[in-house]
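Straight from TrEMBL, the features:
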TRANSMEM  29-48  transmembrane segment
TRANSMEM  144-165  transmembrane segment
DOMAIN    221-345  domain 'Heparan-alpha-glucosaminide N-acetyltransferase catalytic'
TRANSMEM  230-249  transmembrane segment
TRANSMEM  261-282  transmembrane segment
TRANSMEM  294-312  transmembrane segment
TRANSMEM  332-351  transmembrane segment
TRANSMEM  372-394  transmembrane segment
TRANSMEM  457-478  transmembrane segment
TRANSMEM  487-505  transmembrane segment
TRANSMEM  525-543  transmembrane segment
TRANSMEM  555-572  transmembrane segment
TRANSMEM  592-610  transmembrane segment
Amino acid sequence: MKKEEIFTLRKNRKEEAVRSDVMASEREYRWTVCAVIVLLIALCTAHVTDRPASSHPHRKTSVLKMDEASLSVTNEIENDMMLYVVSDHCYKCLPKLLGIIPARPASGTPTTVGFVVGTQHALTLQLNSTSANLEPKHIHYECFFSLLFLAILFAFLVFAFLAALSAIWNTVKRLDVVTNLLHRLGSTVETERLINSELGTPNRLIDASMESIIPATTGRRLRSLDTFRGLALVIMVFVNYGGGRYWFFRHESWNGKLISFFTVATSMFVFIMGTSIGLSLSGSLRRGVKRTHLQWRIFWRSLQLFLFGVIIVNPNYCQGPLSWDSLRIPGVLQRLGFTYLVVAILDLMVARDRLTNLSSETCWYSVHDVCLYWPAWLIVIALEAIWLCLTFLLPVPDCPTGYLGPGGIGDFGQYQNCTGGAAGYIDRWLLGNNHIYQTPSSRVVYQSVVPFDPEGVLGSINSVLMAFLGLQAGKILLHYRDQHRQIITRFLIWGFILGIISAVLTKCSRNDGFIPVNKNLSLSYVTTLSCFAFVALVVFYYLVDVKKWWSGAPFYYPGMNSILVYVGHEVFEEYFPFRWKMANSQSHAEHLAQNLVATSIWVIIAYLLYRKKIFWKI
């Protein structure tokens with residue numbers, strides 16, 4: 001090939017790279033603007049739809065608190081009435097006495113008494129007479145803030161509309177006429193700035209003779225994985241900051257934690273961490289990195305995650321210096337560190353320096369991405385068998401064997417000190433009462449009285465299983481590289497299998513299954529969330545990496561700096577501009593505005609760090 005032809009070819013490739021960079025940068029900017037617009041619309045809509053709780057015409061107090069309602073009960077009979085209440089969210093709970101409505105005087109007006117009740121969940125009210133000759137009256141009482149929910153729903157619809165417009169614009173921009181016009185309008189200075197601020201892996205010009213040898217995905221990072229990770233992280237940050245104090249964003253009291261946004265996001269984060277482990281270690285081995293060096297890096301990274309969680313995230317230094325006497329040992333980062341250690345070592349133990357190329361005619365070709373790593377699967381199955389034996393066979397003092405309940409007033413108050421069963425007992429025995437979580441979410445509804453840690457020791461085994469299933473997704477991406485149909489098909493098959501397992505374990509019910517869905521304890525929680533993760537990964541992979549309809553912005557940026565964003569949002573949670581004194585602390589609108597602003601600031605910080613090519617890796 002002549003020098004002039006080589007020069008012309010390279011020049012054309014550079015021009016194509018420049019145009020690609022210009023379009024990519026414009027797309028990133030457009031998504032950032034869309035995110036800001038959605039944020040403003042959500043704030044405005046929430047402000048319009050929110051109403052002060054004190055507007056209720058019947059109230060006992062001058063001002064009602066958040067998620068409270070005033071209830072007036074009139075007694076027209078000549079017997080005292082006793083009002084009991086039980087939350088429909090409280091499984092097998094005895095009604096609690098709310099108050100007494102005195103009898104109507106013999107020659108007087110009916111007696112009316114006002115009460116304040118919570119409105120987060122549906123309530124069942126029970127009226128009993130102190131006289132035994134009257135039957136109790138049951139009233140089902142529900143209060144939902146539908147208008148408040150419309151704020152978030154409306155913001156989502158606006159975001160979907162903007163996304164559709166963006167997809168249409170991307171299609172139009174691919175037309176040669178529009179592309180040439182946009183290219184001519186861009187100045188040389190602006191083009192150079194965009195080139196210099198390119199934030200991905202630099203484009204490399206490969207010799208034509210090498211293009212058939214080097215796979216298309218070599219050195220290319222899958223944006224869908226970082227986007228998936230970033231979305232999970234953004235949800236975690238938003239819910240940690242309060243989620244507008246809406247009940248559907250808060251931690252579930254016990255079973256049914258699938259509907260808790262934070263626990264779903266955390267589990268998705270664990271899943272995608274396993275996927276990244278498979279891709280990262282495989283790439284390191286192909287580059288010739290020694291396994292001993294990788295082992296040391298795995299141990300050091302796990303230790304750092306554990307120490308960050310114990311020393312930086314868990315203590316609240318605003319309340320005083322670190323106290324070793326009451327320092328909580330388990331935590332989210334600690335569990336991530338332990339999970340990463342186990343799964344990464346398992347993968348390093350069975351991973352190969354070069355991927356085995358099997359013929360498609362081999363009888364076990366369709367499952368070779370599983371069979372090649374059978375020792376790791378055996379170890380994970382053995383760990384899960386240990387979890388099952390400890391959970392259902394370990395004797396716990398003063399508690400029934402195999403108990404999975406919340407204790408407190410649950411199960412009709414029979415097992416008040418048995419919160420978490422074997423999992424809680426192991427944590428209290430191994431770590432001590434002072435070094436685990438003191439205010440579990442079960443205290444709100446079930447009034448549990450003993451400490452219980454949602455990130456305890458026994459539950460970490462299920463976290464390992466979750467990450468290992470994510471690792472399997474990584475193996476599929478490796479073994480079927482660039483075979484999009486094969487990858488998507490296998491993801492959907494895994495999702496279907498895990499969904500069937502979840503249906504069997506839970507009997508498709510909230511509390512009546514063999515193993516109810518519970519993030520603190522449950523195998524069914526792992527299978528259910530992994531099912532959703534495989535299906536969600538199909539969507540992200542298809543939109544971002546296959547069709548390239550979506551660049552992944554704005555979630556892609558925090559996904560590239562996940563540790564920094566998570567640790568940072570925990571450390572600076574109580575500082576401005578992430579938190580400030582509100583005019584009305586009982587307003588959902590103000591809480592929602594504050595939490596959205598704080599979360600958006602971290603997305604912007606991640607975007608700026610991405611522009612500067614600053615990534616915090618441990």
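Backbone N, Cα and C atoms are what each Cβ position is placed from, and that goes for glycine too.
Unlike curated records, TrEMBL annotations are generated automatically.
A contact between the transmembrane segment (261-282) and the transmembrane segment (372-394) is absent, since fewer than 3 of their C-beta pairs, 6 or more residues apart, lie under 8 Å.
Proximity of distant same-chain residues to the transmembrane segment (457-478), defined by a Cβ-Cβ separation under 8 Å and at least 6 residues beyond the stretch ends, is recorded for 222, 267, 270-279, 282, 330, 335, 338-340, 342-343, 346-347, 355, 369-370, 373, 376, 380, 383-384, 386-387, 390-391, 422-423, 426-427, 430-431, 487, 490-491, 494, 498, 519-523, 525-526, 529-530, 533-534, 537. Among the recorded stretches 332-351, 372-394, 555-572, the one sharing the largest number of Cβ pairs closer than 8 Å with the transmembrane segment (230-249) is 555-572. Relative to the transmembrane segment (332-351), the listed stretch 555-572 leads the set 487-505, 525-543, 555-572, 592-610 in CB pairs under 8 A.
Cβ atoms under 8 Å from those of the transmembrane segment (487-505) belong to residues 369, 469, 472-473, 476-477, 480, 513-515, 517, 523-524, 527-528, 530-532, 534-535, 537-538, 541-542 of the same chain, restricted to positions at least 6 beyond its ends.
Residue counts for the domain 'Heparan-alpha-glucosaminide N-acetyltransferase catalytic' (221-345) under DSSP (helix as H, G, I; strand as E, B; rest coil) come to 93 helix, 0 strand, 32 coil.
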